[in-house]
Amino acid sequence: MKSIGINGYGTIGKRVADAVSAQDDMKIVGVTKRTPDYEAKAAVEKGYDLYISVPERESQFEEAGIEVAGTADELFEKLDLVVDCTPGGIGAQNKTDIYEKIGLKAIFEGGEDHDAIGSSFNAEANYADNIGEDYVRVVSCNTTGLCRTLKPIYDISGIKKVRAVMVRRGADPSDVKKGPINSIVPTTEVPSHHGPDVQTIIDDINVMTMALLVPTTLMHTHNIMVELEDKITTDDVLDAFENAHRVLPVQKSLKLGSTAEIMEYAKDLGRSRGDMYEIPVWKESVNIENGELFYMQAVHQESDVVPENVDAIRAMLELEEDGEKSILKTNKAMGIL
């Protein structure tokens with residue numbers, strides 16, 4: 001049983017903590033917080049030992065009635081690996097200032113640059129490449145979504161070119177300080193970072209992405225166009241999606257024609273926090289015209305990367321050499337379809 005810690009018990013960190021706790025070959029030793037907020041309080045109430053990353057704030061936690069087990073540095077000494085879920089840029093700094101100095105393996109999230117970490121991870125696409133690695137970056141929610149559906153297409157047909165438009169949610173549901181509220185905000189930088197990010201996983205894929213923000217909090221959606229190498233049918237694509245791990249073909253005809261209905265479905269499945277770990281692909285959107293594949297998918301930005309973190313732990317700590325076995329083990333423990 002390997003000892004795992006979470007540095008940054010926020011939107012992703014708290015979900016990874018629960019996912020690790022559901023496994024039988026790893027355990028959560030502790031989690032860290034900077035401020036005494038409801039997430040810190042909930043962590044203690046759930047039974048996680050809470051460590052503070054700013055020791056000078058211990059009195060603030062005491063005043064809030066939140067029990068502290070020690071400092072982040074004390075937690076790190078107890079771990080086989082830390083999952084760093086701190087805001088983008090801080091993780092890379094922690095890698096240099098802390099983890100490398102004490103010889104602690106670490107996983108980082110998609111807010112970090114690939115070059116700063118050295119290796120990027122997607123369980124289906126490059127698990128084997130990350131076996132035994134010391135520092136690995138789990139790519140962002142959007143990049144994870146693209147990799148999950150492009151990889152099976154790549155395998156059955158080959159891909160000449162991908163063009164994708166990312167319709168991104170404006171903020172997470174709990175983030176009251178961000179927007180937009182009544183606006184659509186284009187990301188005028190082209191390509192958006194998502195295309196180059198996919199290439200850190202599937203390096204020989206030709207992919208170009210554009211993105212925009214819209215006033216919703218539920219999910220991202222992707223409109224994807226793929227020029228195929230070989231002639232295949234829509235049934236071939238749908239079969240590939242059906243057989244792919246963590247991809248969920250859904251039907252508008254079953255009243256799953258919107259992100260709101262998909263997230264309601266996740267709640268009806270009894271998912272913790274109403275999470276949708278899989279990438280829903282609308283079956284009715286899958287079409288091939290003149291050798292070009294079109295489809296639409298959704299991405300739950302708060303949770304699709306969570307099982308990837310679990311598989312990355314197994315790869316880095318060499319708990320399982322077979323990526324598919326790790327994926328299936330994680331899926332079973334988390335109730336992933």
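Just so you know, the numbers here start at 1 and follow the chain as drawn.
Quick reminder: no glycine exception, Cβ is built from N, Cα and C everywhere.
Marked as active site, nucleophile by Swiss-Prot on the basis of sequence analysis: C141. The annotation NAD(+) binding site is assigned in Swiss-Prot to T11, I12, G111, R169, Q301. For S140, C141, N142, H194, G195, the entry in Swiss-Prot reads D-glyceraldehyde 3-phosphate binding site, with the evidence type sequence analysis. Among the features that Swiss-Prot reports, region 'Disordered' is placed at 177-196.
Structural mapping of features recorded in Swiss-Prot.
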| residue | record | Cβ neighbours (10 Å) |
| --- | --- | --- |
| T11 | NAD(+) binding site | 18 |
| I12 | NAD(+) binding site | 24 |
| G111 | NAD(+) binding site | 16 |
| S140 | D-glyceraldehyde 3-phosphate binding site | 22 |
| C141 | active site, nucleophile | 26 |
| N142 | D-glyceraldehyde 3-phosphate binding site | 25 |
| R169 | NAD(+) binding site | 23 |
| H194 | D-glyceraldehyde 3-phosphate binding site | 26 |
| G195 | D-glyceraldehyde 3-phosphate binding site | 22 |
| Q301 | NAD(+) binding site | 23 |
Nearest-integer angstrom distance between the alpha carbons (Cα) of T11 (NAD(+) binding site) and C141 (active site, nucleophile): 12
Rounded Cα separation (Å) that holds between H194 (D-glyceraldehyde 3-phosphate binding site) and C141 (active site, nucleophile): 10
DSSP three-state assignment (helix, strand or coil) for R169 (NAD(+) binding site): strand
The region 'Disordered' (177-196), counted residue by residue under DSSP: helix, strand, coil: 3 helix, 3 strand, 14 coil
Greatest inter-residue Cα distance in Å for the NAD(+)-binding set T11, I12, G111, R169, Q301: 16
Cα-Cα distance maximum in Å, computed over every pair in S140, C141, N142, H194, G195 that the record assigns to D-glyceraldehyde 3-phosphate: 13
Non-site residues, in chain order, whose CB comes within 8 A of the mean position of the CB atoms of T11, I12, G111, R169, Q301 at NAD(+): S140, C141, D172, E302
Additional residues surrounding D-glyceraldehyde 3-phosphate, by Cβ distance to the S140, C141, N142, H194, G195 centre under 8 Å: G110, V139, T143, T144, G145, L146, M166, S192, H193, D197, V198, T209
By Cα-Cα distance, the member of binding-site residues I12, G111, R169, Q301 nearest G195 (D-glyceraldehyde 3-phosphate binding site): G111
C-alpha spacing of the residue listed as 'active site, nucleophile' relative to Q301 (NAD(+) binding site), in angstrom: 5
